[in-house]
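Annotated in Swiss-Prot:
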type     : residues  : note
DISULFID : C229-C231 : disulfide bond
DISULFID : C262-C265 : disulfide bond
Amino acid sequence: MAHDQLYRYLFENYAVRGELVTVNETYQRILTNHDYPSAVQTLLGEMLVATSLLTATLKFSGDITVQLQGDGPLKLAVINGNHQQQMRGVARLQGDIAPGSSLKEMVGNGYLVITITPTEGERYQGVVGLEGETVAECLESYFQQSEQLPTRLFIRTGQHEGKQAAAGMLLQVLPAQDADRDDFDHLAQLTTTVKGEELFSLPATEVLYRLYHQEEVTVYEPQDVEFRCHCSRDRCADALMTLSDQEVNEMIEQDGEIDMHCDYCGTHYLFNSLDIRAIRHDSSGNLLH
């Protein structure tokens with residue numbers, strides 16, 4: 001794939017659907033401006049792939065946030081994606097994390113939170129204990145508990161052409177369909193054989209042919225995946241206006257300006273005393289652009 005894309009596909013003879021995604025560029029963008037330990041980089045790649053695959057299961061406009069938190073040296077890791085496959089993510093650390101650290105070693109006593117937020121309607125949140133060895137295993141447990149749909153995730157991270165790479169696949173029994181468990185296990189066994197380098201470098205149709213050449217598979221038009229941060233100067237201004245005038249003035253007096261930094265994309269938004277005065281006198285925010 002020339003750039004990050006997600007493919008949906010359907011097995012003609014089984015009540016099972018699949019997804020295949022490559023997120024190399026998006027993954028590299030999330031890691032830019034962050035000096036994460038290698039184990040955290042790998043974990044964020046796994047979470048990014050998983051979030052993209054989960055977001056593609058949405059039947060409505062909205063977004064999904066996959067978040068890990070606990071009492072270990074990795075305090076927080078979060079990936080957010082929407083139905084347009086616009087992704088962003090960040091991690092927060094407190095302590096050293098050795099190369100090759102396991103999920104449990106990084107997060108400690110913690111949990112995985114999946115938050116689904118429709119554009120219209122009520123937000124849903126599911127919490128899963130870190131029973132599995134990997135993010136994929138934890139999410140498979142989530143699907144089993146909440147959706148009762150047999151689901152498998154196959155996530156690969158590594159390097160391709162000297163850069164970080166991440167990709168993966170999802171298999172899921174179709175809702176309201178009576179899929180034979182043996183059929184699902186058969187397809188899962190085939191999918192398990194996929195190699196990271198195949199996903200990182202080969203066209204999706206070739207990967208699917210290699211895996212399922214004896215099956216009838218319908219592949220749908222791909223959807224682009226990209227890094228997209230939703231921060232803006234206006235949002236930062238709104239946040240500043242939640243503070244008291246005294247707090248804002250003290251920050252200006254101390255440093256001469258207020259520097260608001262976005263953890264997701266690394267953008268800095270600077271506000272001086274003139275900016276603050278303009279914000280206070282223009283509730284519409286027109287002077288901020």
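Every residue, even glycine, has its Cβ placed from backbone N, Cα and C.
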Checklist outcome for this item: Using a 10 Å radius on the Cβ of C265 (disulfide bond), the other Cβ atoms enclosed count 17
Checklist entry - Quick one: what's DSSP say for C231 (disulfide bond), helix, strand or coil? => result coil
